[in-house]
Amino acid sequence: PPFIDFENIVIRKRLRRLLSFQRYLHSSRLLRGTPHLNPLHILDEDYTGQAKCMLEKVGMWNFDIFLFDRLTNGNSLVTLTFHLLNQYGLLELFQLDMMKLWRFLVMVQEDYHSLNPYHNAVHAADVTQAMYCYMREPKLAKSLTSCDLLLGLLAAATHDLDHPGVNQPFLIKTNHYLAKLYRNSSVLENHHWRSAVGLLRETGLFSHLPAEDGLQMERQLGSLILATDISRQNEYLGKFRTHLDQDDLCLSSAAHRHFILQMALKCADICNPCRPWELSKQWSEKVTEEFFHQGDIEKKHKLEVSPLCDSQSNSMENIQIGFMTYVVEPLFAEWGRFSDTRLSQTMLGHLGLNKASWGGLLQQEQGSSTEDLEASGCASVAMPTPAVAKSEPEPASAEPDAIATATDIGETNSQTDNKIIPQGSEES
Ligand SMILES: [Zn+2]
């Protein structure tokens, strides 16, 4: 059967999940120790000060999660999530056992695949930080309950748990057991949720709560994580738009607060293009690398190459511009209507600037291909003249074979019929 590599990974993963004590043994010695209130005690002293200093600005939109991950020695997800839960006083409020919480977060971080270029624990930490920024927005801050805050942060931290680094169409066409298990519907999101529930139960984090409360938490966690399925974006966006048009959102209603948390998590998940360029560009490179890697596996096994995954016919610039135009802009336009704040203006500002930057790189790209053709004597081939003459050497990331960015856009199959985002061929 094909996909021996992939199958091996899955088998190893299964063993690891069954023998969870092995996961415990594999965790870094530092993380296995008894937790202290301030998880930063585990860090090298040189970095402790800098990491602590960064946490003081954890609510800033230009927070550099890549730097924070280096300063915490690859423990950004554990350190950040623990800090935020602690800062909100949620450990005391919910009487959470610190040791159980610590073990839970370490296991969550370890069940993200560190070899995935994009869908790894740093992405989860980034989404958790963005979620925190959104939950601090005035409308939410004054209405969210402690339960909402706890769920919002836990959902963000676990929303891509055990992501295999390939998308749902890939799992379906390779007859992966997860696709069968979840009947080809929100396969990954269901798996992220059930993985999170598994760790909650394994660590007994909520075992002191009444059983019904624990189950309710698990259900709500699922409802938040399932909302991140990008192929269902239009459904959520339509509902959001209707509420905004009718001006009938009432955040004293638990159901409405839950819906807003779903929208906030969706925004946090695809907010990369709304970050400052230097951060945004790094995410773009990582997600494109993951897409093209999937495309390479598909080519190797003579499968149809998924949309956006073929490095020959897609560029990082095109993928980004399409993703921003058809997925990110519509979502953040509505979010900005809901929460018309400085943060929303900042995010929309970066979105516009970043899109213009990709557009500029794309023009340079096209300019350089024309030059290549001219140099090889093919100038008679009709090529559009680039609007902007190329004078500067291109940045490395704009080279044709450079790795590219967009979140789970490979799974999108309900977007408008544009050339940039091809229609998915799979049923969802
Ligand atoms: Zn995600």
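Using N, Cα and C of the backbone, Cβ positions are placed for all residues, glycine too.
Curation does not apply to TrEMBL; its annotations are automatic.
As annotated by TrEMBL, active site, proton donor applies to His119. In this structure, His119 (active site, proton donor) belongs to neither helix nor strand by DSSP; it is coil. Cβ neighbours within 10 Å of His119 (active site, proton donor), excluding its own Cβ and spanning all shown chains: 25.
Sequence annotations record features per position, and here TrEMBL assigns AMP binding site to His119, Asn120, Ala121, Val122, His123, Asp160, Asp269, Gln320.
Annotation comment: TrEMBL describes His123, His159, Asp160, Asp269 as Zn(2+) 1 binding site. Asp160 (AMP binding site) is surrounded by 27 other CB atoms, counting those within 10 A of its CB over all protein chains shown. Taken residue by residue with DSSP, Asp160 (AMP binding site) is part of neither helix nor strand, so it is coil.
What TrEMBL records for Asp160 is Zn(2+) 2 binding site.
For 43-365, the entry in TrEMBL reads domain 'PDEase'.
What TrEMBL lists as region 'Disordered' is 384-428.
Proximity to ligand 1 at the level of Cβ atoms, with a cut-off under 6 angstroms, picks out Asp160, Asp269 from the binding-site residues Asn120, Ala121, Val122, Asp160, Asp269, Gln320. Residue environment of Asn120 (AMP binding site) contains 22 other Cβ atoms, counted within 10 Å of its Cβ in all protein chains. Least packed by the Cβ count within 10 Å, out of the binding-site residues His123, His159, is His123. Long-range Cβ proximity for Ala121 (AMP binding site), meaning a same-chain Cβ under 8 A and a gap of 6 or more residues, is found for Gly74, Ser76, Leu77, Val108, Gln109, Tyr112, Ser114.
A mean pLDDT of 96 is what the model gives for the domain 'PDEase' (43-365). Cα-Cα distance from Gln320 (AMP binding site) to His119 (active site, proton donor): 17 Å (rounded to the nearest whole number).
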